[in-house]
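*Asks:* Let me begin by handing over the structure; questions about it come next.
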Amino acid sequence: HPPPVATDKEEQKRLLENRPDQPQNPKVLRIAIIGAPNAGKSTLSNQLLGRKVFPVSKKVHTTRCKARGVITHQDTQLIILDTPGLTNPLKAKRHNLDEAMLTDPWDSMKHADLVLVLVDVSDHWTRNSLSKEVLKCLSQFPHIPSVLVLNKVDILKKKFLLLEIATDLTEGIVNGKKLKVKSAFKQDSSCSAKSSLHITQASPPQNKVPGSPFGQEKNQAQEGSDLDKGSDVGGAGTGEAQEPKHHGPEDLKDTRGWPHFQEIFMLAALRGEEVDTLKRYLLMQAKPGPWEFHSDVLTNQSPQEICDNIIREKILEYLPLEVPYGVTQATEIWEEGECGELLIVQSLLVPRESHKRMLIGRGGKVISRIAREAGQDLMNAFLCDVHLKLKVEVKS
């Protein structure tokens, strides 16, 4: 079971500053998860960690800063660099975002050993091409191995479209091999719930990577897009992949996909489907090296940061349009009760009286729902009882 986050700021600080407990042969892998805003990066990070420490909401730009998540499994440590969605200066200005929102994803890439590119396949506007920001990111760091993760496949009604999406996003090449795609799906999408998905390579590599979805037994496969036993989309590290070249902005103008992915994974992060398959693959990619964090550390965020982020997630969820982006949070009380419970009182400051009415809701329904749901999430992160009280005030 993943460790809880310390509720005491000093204790968490001490854990982060402590020398990591090194096993005999430590291995480590730093993973940057990049993608368009709202692709599901934080949801996937939380599922991989096994505890919710990153905020999640349907609104874009819920993740405002780069935070680390730490998975310690036996002698291996995975460090997840949860990054803000890749955006551009114009959108950053519109959503009142810090300068850091533009630089953080790039910063994370510099430190990564592996990059996961997350694509939301339920969004029919964007799913057949990688965003310009993602392509720019990949082309600036072509030496970092990358893996394509198709997310929200459970929402996709017509499962046979996964073949087309995978081909478009990889330009038909995975791990230096050309994909040969033949569909075993019936055209009738209602019948495709348990059809096979065959994606094979023209010349399959000799060594399969255990834990990769292509080349696995049927029962490991994603519900609704089973991957046949014989199907194989290259194992990373066959040594046959061509070295990706550094692309300039001009090269990317008409580019839709990236032909240098080592693997493709298909999953439903929200439901946790196939996340374990991806996790096993990541653990196998770790290289010998010292751990960076103590095994009791789950995240490098302070308990207050987790609390602020989770409350803000609920505000984003339940307030319309741009309203949530104007709310300021101030923690007034953070103390341990007699029975070990955590008491938190936070003021939410809004710019207008009308925003205050919206946030409180009729009969206090909205604010009490936010407090209840945020309290539940905090209990899950800290593994203790949490009493959360929220007050709403207009900024003076």
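For all residues, glycine too, the Cβ spot is worked out from N, Cα and C.
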*Asks:* Look up region 'G2' in TrEMBL and report which of 61-65, 256-260, 336-340 it refers to.
*Replies:* 61-65
*Asks:* Region 'G1' per TrEMBL sits at which of 35-42, 171-178, 187-194?
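*Replies:* It is 35-42 that TrEMBL describes as region 'G1'.
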*Asks:* Could you break down the residues of the region 'G1' (35-42) into DSSP helix, strand and coil, giving a count for each?
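*Replies:* Split by secondary structure, the region 'G1' (35-42) comes out as 2 helix, 1 strand, 5 coil.
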*Asks:* By DSSP assignment, list the helix, strand and coil residue numbers for the region 'G4' (151-154), in that order.
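*Replies:* The counts are 0 helix, 1 strand, 3 coil.
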*Asks:* Counting only residues 6 or more past its boundaries, what in the same chain has a CB within less than 8 Å of a CB in the region 'G4' (151-154)?
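*Replies:* Contacts of the region 'G4' (151-154) (Cβ under 8 Å, skipping residues fewer than 6 from its ends): 39-40, 44, 118-122, 162, 222-225, 266-271, 273.
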